[in-house]
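Beneath this line is the structure, given in structure tokens, with notes to follow.
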Amino acid sequence: MSPPPPQRPSPSRAGRANLFSSPPPPLPNCYDPKHRRPAPPPLPSARRLPSNRRRRHDQPPNPTTGNGGNPAFRAPHLRTAYRKPVPPVAAAGEGEALLAADASDAADGRAVVVGPSGLSFRLPGAPFDFRFSYSECPRAPPVAIREPAFLPFAPPTMPRPWTGKAPLLTKEEKARRRGVRLHTPLGEEAPRTVSAHGIMMEVRGRRKLDLARVSPGDGRSREEVLGEPLTAAEVRDLVKPHISHNRQLNIGRDGLTHNMLEMIHCHWRRQEICKVRCRGVPTVDMKNLCYHLEEKSGGKVIHRVGGVVFLYRGRNYNPRTRPRYPLMLWKPATPVYPKLIQEAPEGLTKEEADEMRRRGKDLLPICKLAKNGIYIYLVRDVRDAFEGSDLVKIDCEGLNPSDYKKIGAKLRDLVPCVLLSFDNEQILMFRGKEWKSRYPKPLTLIPKIRKNNVPMSSDESSSDEATDDDDRLAVREVLRPKMFELWTNAIESSVALMLDDAEVDALTPDSLLTRVEDFSVTSQVVEHSFPAVLVANDESNPDVLNAEYTEDEPETGTLEPQQHEFTESSDVAEDDHFEDDMLKRLESSVPLGALPIDAVVKQLNDE
């Protein structure tokens, strides 16, 4: 039985019925602290609660997102903490390991190769294994990889399900599709009537670019493409126009990457020379960079100045039949490599390494590296510094941490040396216990006078002990023969000053400054002083000219040449004769008072 319908209240005598027994309460004042609601307690993190953790582990996997779904939906992203150890054979550097994310890729020969040279990608028909960077690959086998074994190239098929729509066309593509031209095919008669679809026409379109295609070229070798070697004149003519302009390929910290090979061929399509400008880490080993440029591109480095390389394409280069490689669509994740800094490096104990690190804190750096600079002489400077000290430090303030770590790894292999620390943006290196000097004799920074220039007394020459001491204290000359000769001439002409060890130890900074100031004044006087030459124009007074000879004249009246008098060379005599002839010509050709300066002097004298 349904309930009875609600009855309306009876109207009051005053008129309408009062629906509210009492007036509604006032709205709460949000500014009054009495009416404010208390803040809700913070929500606890779900991952920190042990109950939620147990519930998450006990929960069965979702069938829609499990292993049975499409691999595209369960692919790891940038925030995924992925780390997979490589096979032991590849980690030990004894061989290669092939990794493939899909069985079909492995059957087609598409795989990720992990070996002693790092991470590379193998495609069928490719002349070599592709890498992200060819010149900056570490010389140590990786320990683990940070992403699944996916190839960074366009796949031959699209296994991913379609989840979007076709991309929008650009203005150029729309204009290209609208650009049609009517024509009649060659060899056929023109249609008499027009069909329902119109007359025959051809639509202009861009050739589809196959990003996964590998074309090794026309099969010619690198020597056949290069042709005959260039002469010096041809190299000069090719390089000169490219020195000033900035149409170039810039190589940075990643070195020669895979996609730069396509850029080099794009430069070669319009010009014979590709100018490559290198900065940063790759300039530490320019020889390695030039090798990979020639090996991977097929060109020839014909000129190099500092960090600028000029790459020649070859006499028989054809851009239509050049090799074509697929482009990398993204940068692969860098594998995990062994640590560069170890607590106890090779050949040292932990206590010895800690002591060297403490000594390195007070050591002055040999140089300061600039950001994106050119470091072509860094290896040579480090080797020279190891001749005088067992520890060397390089200041890398302002550089990217990955940059100076790569520089340290290169120095470890090229110098070679032992890396101790990267603290405070500085590279600290030890030359190693098995280090051997490049010179047979010890190094000194003070040039020594040769033995044949030092006078030896009879007692010293006859003493065997003195001879033994000389052989034992024989010091190698740091300077080259030409530079040593210049130093010797400078000391003899009082332009340079050499201090002995005793004088150096006795000098204080103030006395050294005073000594340098006094010597600078003396050297300037010697340098700017010239012998005076007296020329007498009065031939009627021969006594003035012969006054200096009267005292030395013998009684016979003939002049005898002195024993220590130097004879004048033929070249000097010819020069004097030439100067006398020039003076006679000037005196005979220009009369007195004919020059403009003579008029000025006369006017000044009159005033």
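Glycine residues also receive a Cβ, built from the backbone N, Cα and C atoms like all the rest.
Since we're looking at a predicted model, the values are computed, not measured.
Among the features that Swiss-Prot reports, region 'Disordered' is placed at 1-75 (among others).
Annotation source Swiss-Prot lists transit peptide at 1-79, citing sequence analysis.
Feature annotation from Swiss-Prot assigns domain 'CRM 1' to 228-324.
According to Swiss-Prot, the domain 'CRM 2' annotation covers 346-442, on the basis of sequence analysis. For the domain 'CRM 2' (346-442), the model gives a mean pLDDT of 92.
The region 'CRS2 binding' annotation in Swiss-Prot covers 482-505 and rests on similarity to another entry.
What Swiss-Prot records for 550-576 (among others) is region 'Disordered'.
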### Task
Please spell out the DSSP helix, strand and coil residue counts for the domain 'CRM 1' (228-324).
38 helix, 23 strand, 36 coil
## Note on the structure
the domain 'CRM 2' (346-442) resolves under DSSP into 38 helix, 15 strand, 44 coil
